[in-house]
Amino acid sequence: MLWNIRWNNGVFKADYRQQLLATLSVTIISLSHGVALGWFSPMLLKMQSPATPLNFSLDVHESSWLGAMISLGALTGNTLFSIILSRLGRKVAIYSLAFPHALLWLLLYYARSINYLYAARFFTGFTGGGSYVVVPIFIGEICNSSIRGRLTSLLGLTINLGTLFGYILSSHVHYHNIPWIVLPLPCLFLFLVTRYPETPQFLLRAGKEKRAEQAFTFYQGRRCLPTLKENLRNQFEQLKMEGKSLKVLGIGLVLGIIHSYSGLFAFMSYMSNIFAATKTDLHPDTNTIITGVVQVIGSYLAIGIVDRYGRRILMITSITGVGLGTAALGLYAFLVEKNNVDLSSFSYWLPVFLMSFIIFMANIGLNAIVYVIMVEILPSKIRSIGTMFFMVAWSISTFIALKLFPMSMHFFGLSSTMWFCSAVSIFGVLFVAIFLKETKGTSFDGVDNMILS
């Protein structure tokens with residue numbers, strides 16, 4: 001049972017208290033970013049209607065650019081924050097996340113034209129792109145390997161909690177009140193993260209051994225100190241074979257493509273539009289909130305089982321479920337769009353059930369664990385630059401997916417769009433089964449040796 005998951009085996013132990021508190025503090029920005037993601041879906045439907053809360057409304061082309069603009073911001077954020085991460089440190093990069101995020105809410109409040117919305121979505125992506133680079137590396141470097149999967153998975157859980165909150169706010173709160181509800185979050189984030197030191201790994205690579213020792217003691221306790229220098233010496237001896245490093249980068253690149261084109265981020269952005277296309281009897285915003293709750297449940301479950309069952313089996317299970325769910329939703333949409341079949345007895349519950357199944361399966365693996373895998377498979381010597389490569393490639397593929405998804409729905413219908421996502425998922429299952437090795441419970445050193453072997 002879910003409640004019998006052995007949380008007391010690590011996360012809440014006194015030995016790991018600082019790791020947990022640091023993780024909870026740094027993921028406040030992920031929570032706030034999730035609100036910005038969830039805000040978009042119900043609000044887009046309103047901004048496309050004559051009853052728009054602004055003094056202008058959006059057509060399908062403007063909507064597709066607005067949806068895709070987040071990926072251009074993410075591309076910029078991935079690159080810039082990776083440079084900051086490598087040269088100035090993890091803490092400087094963390095501090096820098098708060099300001100563009102606060103700016104996006106001010107732009108939304110003062111929006112007078114579509115250009116304000118484009119800029120706000122750009123900064124949404126900019127903050128998210130930075131978060132996806134900075135937060136997993138920071139958490140991974142301060143955490144013991146026995147709890148690293150669970151704590152890194154908090155990134156996905158907080159994003160999904162924020163997304164659910166964003167769905168609720170944009171469905172039930174006036175447009176101009178939402179920014180003032182959310183703005184305290186980046187302020188709280190900035191206040192809390194100032195009390196945590198830089199990661200020991202970055203300090204040692206910068207030649208600051210005394211500070212690295214102090215940081216290691218702060219996060220992991222003095223009893224673990226003898227292993228610090230030995231672990232770091234091993235990290236400096238890795239990556240002797242460049243060709244095998246390219247293999248790791250290739251695995252990460254393909255995982256990003258699978259994530260993008262299986263439709264998960266597009267579903268989050270265009271959820272209300274998808275439900276409108278299924279002609280469900282429930283209000284699209286109500287369906288969106290229901291799937292948001294399921295998304296949080298899936299993320300919560302992933303945190304409990306990622307270090308128990310491993311990354312590989314959860315990824316295979318997750319992608320398989322997404323593929324089956326998108327195929328079934330595509331069939332339902334086909335019957336609605338093409339054959340005018342009477343589905344009135346199913347329209348109240350089946351579309352939201354199928355989408356909830358897709359979202360749940362995605363969040364026990366593909367959505368949450370992909371960031372854990374990204375950190376773990378990268379050899380330490382190229383972890384920052386490798387993460388930048390992953391996230392830049394993922395941002396480009398996500399931009400294309402977000403730009404094309406509403407156009408595909410408009411010109412080809414929801415059914416064809418869903419079946420394409422299902423085909424990508426089938427490919428994803430085969431790829432993970434063949435190429436992805438298990439990294440559960442392995443130290444960063446052990447992961448490097450295993451992946452490069």
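Each residue, glycine too, has its Cβ placed from N, Cα and C.
Listed by sequence, the residues of this chain that lie at least six past the ends of the transmembrane segment (20-45) yet keep a Cβ under 8 A from its Cβ atoms are 11-12, 53, 58, 63, 66-67, 94, 97-98, 101, 104-105, 121, 124, 127-128, 131, 135, 138-139, 142-143, 151, 154-155, 158-171, 175, 178, 182, 185-186, 188-189, 192-193, 195-196, 219, 268-273, 276, 284-285, 288, 292. Taken from TrEMBL, the feature transmembrane segment applies to 20-45 (among others).
The annotation domain 'Major facilitator superfamily (MFS) profile' is assigned in TrEMBL to 27-440.
Outside the transmembrane segment (65-85), and at least 6 residues removed from its termini, the chain residues within Cβ reach (under 8 Å) are 40, 44, 58, 92-93, 96-97, 100, 114, 117-118, 121-130, 132-134, 137, 266, 269-270, 384-385, 387-388, 391-392, 394-396, 398-400, 402-403, 405-406. Summarising the annotation, TrEMBL assigns transmembrane segment to 65-85 (among others).
TrEMBL lists 92-111 (among others) with the feature transmembrane segment.
Taken from TrEMBL, the feature transmembrane segment covers 117-139 (among others). Tertiary neighbourhood of the transmembrane segment (117-139): same-chain residues 22-23, 26-27, 29-30, 33, 36-37, 40, 47, 65-67, 69-78, 80-82, 85, 90, 93-94, 96-97, 100-101, 103-105, 107-108, 111, 148, 151-152, 154-155, 199, 371-372, 374-375, 383-384, 387-388, 391, 395, selected by CB-CB distance under 8 Å and a gap of 6+ residues from either end.
According to TrEMBL, the transmembrane segment annotation covers 151-169 (among others).
Among the features that TrEMBL reports, transmembrane segment is placed at 175-193 (among others).
Residues 37-38, 41, 67, 163, 274, 319, 322-323, 326, 355, 358-359, 362, 366-367, 370, 373-374, 377-379, 386, 389-390, 393-394, 397-398, 400-402, 405, 417-418, 420-421, 424-425, 427-428, 431-432, 435-436, 451-452 of the same chain, all 6+ positions outside the transmembrane segment (248-268), place their C-beta atoms under 8 angstroms from a C-beta of that stretch. Summarising the annotation, TrEMBL assigns transmembrane segment to 248-268 (among others).
Positions annotated as transmembrane segment by TrEMBL: 288-306 (among others). Listed by sequence, the residues of this chain that lie at least six past the ends of the transmembrane segment (288-306) yet keep a Cβ under 8 A from its Cβ atoms are 2, 5, 7, 38, 41-42, 149-150, 153-154, 156-157, 159-161, 163-164, 167-168, 171, 271-272, 275, 314, 352, 355-356, 359-365, 367-369, 372, 440.
According to TrEMBL, the feature transmembrane segment maps to 313-336 (among others).
The transmembrane segment annotation in TrEMBL covers 348-373 (among others).
The transmembrane segment annotation in TrEMBL covers 385-405 (among others).
Non-local neighbours of the transmembrane segment (417-436) in the same chain are 251, 254-255, 257-258, 261-263, 311-312, 315-316, 319-320, 322-324, 326-327, 329-330, 333, 366, 373, 405, 408-409; each lies 6+ residues outside the stretch with a CB under 8 Å from one of its CB atoms. Taken from TrEMBL, the feature transmembrane segment applies to 417-436 (among others).
175-193 is the stretch from 151-169, 175-193, 313-336, 348-373 with the greatest number of Cβ pairs below 8 Å to the transmembrane segment (92-111). Long-range contacts of the transmembrane segment (175-193) within its own chain (CB-CB distance under 8 A, at least 6 residues past either end) are made by residues 25-26, 28-29, 31-32, 35-36, 39, 43, 46, 53-54, 91, 94-95, 97-99, 101-102, 105-106, 108-109, 169. Long-range neighbours of the transmembrane segment (151-169) within the same chain, counting only residues 6 or more positions beyond its ends whose Cβ lies under 8 Å from a Cβ of the stretch, are 11, 19-20, 23-24, 27-28, 30-42, 131-132, 135-136, 139-140, 143, 178, 181-182, 268, 271, 285, 288-289, 292-293, 295-296, 298-300, 302-303, 306, 363, 367-369, 371-372, 375.
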